[in-house]
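K.L.:
The structure is given below, and queries will be raised subsequently.
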Amino acid sequence: MAARRRGWGSLRTQRSGRVQASYVSPIDGQRYFGPRNYDNRMDAEAWLASEKRLIDNEEWTPPAEREKKAAASAITVEEYTKKWIAERDLAGGTKDLYSTHARKRIYPVLGDTPVAEMTPALVRAWWAGMGKQYPTARRHAYNVLRAVMNTAVEDKLVSENPCRIEQKAPAERDVEALTPEELDVVAGEVFEHYRVAVYILAWTSLRFGELIEIRRKDIVDDGETMKLRVRRGAARVGEKIVVGNTKTVRSKRPVTVPPHVAAMIREHMADRTKMNKGPEALLVTTTRGQRLSKSAFTRSLKKGYAKIGRPDLRIHDLRAVGATLAAQAGATTKELMVRLGHTTPRMAMKYQMASAARDEEIARRMSELAGITP
């Protein structure tokens, strides 16, 4: 049946008896049809009236665009967070960590809440409900939610970020740097098969995940200068070890090995009981030739830390030892950033430790500036 002309829009009765409504938008000149055929003219008229009202109020956008926006605004915090994590260019271990914080602390309370309905009051109640028993995990979960909501602002799902809780910066660990002599004592207590890992971590500042993915093909050595080409990292994701990109783009870097450590690595590589042949052979492994796990290395390393009376130290502190030693050797902040694979000076500075012996040396040199020889 032909369309019946009206003052605005048109109605067409189909063979089925249902009514099809449409109109030509004065905004873009395109014809738009109702989302469905209506049972009666009254319902079709109502749809046309609502569209005309949007045009008159200068609020009109194409129906498909409105439907897409409505669907997006209905997405829940859990759905959006999962999408956010999946789309981020993050190392596998980082994605797993974010997913864990979200699964344990965000989804149980806020997961079913539409992103568009998130408010500062909801965030404050969620924050208070987590309690203060696990401050680090609580802070990390909040940081994940805040980052997710920042993207929601960019996607125009919310007008502003509802995460506005002022957090005190976590207290920095006051850790004194190890001396080379103490490092030797620590290494002496570590299982001999992968003892070289202690020296590599401490003198090159590699992350543990970077070290356990270094292969023979990643070692460039002309007999005088040795470089480790950091290109990949390994991390535990759930029950599996996943090899992927390094933590950041800057983390892909060549790291020059101090000559005395390079000599240790050459000796280690020449021992077929410690490293297999072939370009894909891992530099450090278990006695069975498998990838060295963080837990196994930690158990061995803790014995060394206990030997020097420093049970508070962790694996990652060896990276900070390396940053400190490099700074003491004269590395600039920019050079430290490159060596550690950091993107900001703040992060490079954060990894440096204080040294009592170094402080005494600085004090002596200050007296020398005054023309006084101690």
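Note that the numbers count up from 1, one per residue, in the order the chain is shown.
Here the Cβ of each residue, glycine as well, is placed from N, Cα and C on the backbone.
OK, Swiss-Prot features for this one:
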type: DOMAIN; residues: 75-153; note: domain 'Core-binding (CB)'
type: DOMAIN; residues: 173-364; note: domain 'Tyr recombinase'
type: ACT_SITE; residues: Arg207; note: active site
type: ACT_SITE; residues: Lys247; note: active site
type: ACT_SITE; residues: His316; note: active site
type: ACT_SITE; residues: Arg319; note: active site
type: ACT_SITE; residues: His342; note: active site
type: ACT_SITE; residues: Tyr351; note: active site, O-(3'-phospho-DNA)-tyrosine intermediate
K.L.:
DSSP on Arg319 (active site), three-state: which is it?
P.N.:
helix
K.L.:
Once the chains shown are all counted, how many other Cβ atoms turn up within 10 Å of the Cβ of Arg207 (active site)?
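P.N.:
So the number of other Cβ atoms within 10 Å of Arg207 (active site) is 24.
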K.L.:
Using a 10 Å cut-off on CB atoms, tell me which of the active-site residues His316, Arg319 is the least crowded.
P.N.:
His316
K.L.:
Could you count the residues of the domain 'Core-binding (CB)' (75-153) that DSSP puts in helix, in strand and in coil?
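P.N.:
Counting residues per DSSP class in the domain 'Core-binding (CB)' (75-153), I get 62 helix, 2 strand, 15 coil.
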K.L.:
Taking just the CA atoms, what is the gap between His316 (active site) and Arg207 (active site) in Å?
P.N.:
7
K.L.:
Round to the nearest Å and give the CA-to-CA distance linking Arg319 (active site) with Arg207 (active site).
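P.N.:
Cα-Cα, rounded: 7 Å.
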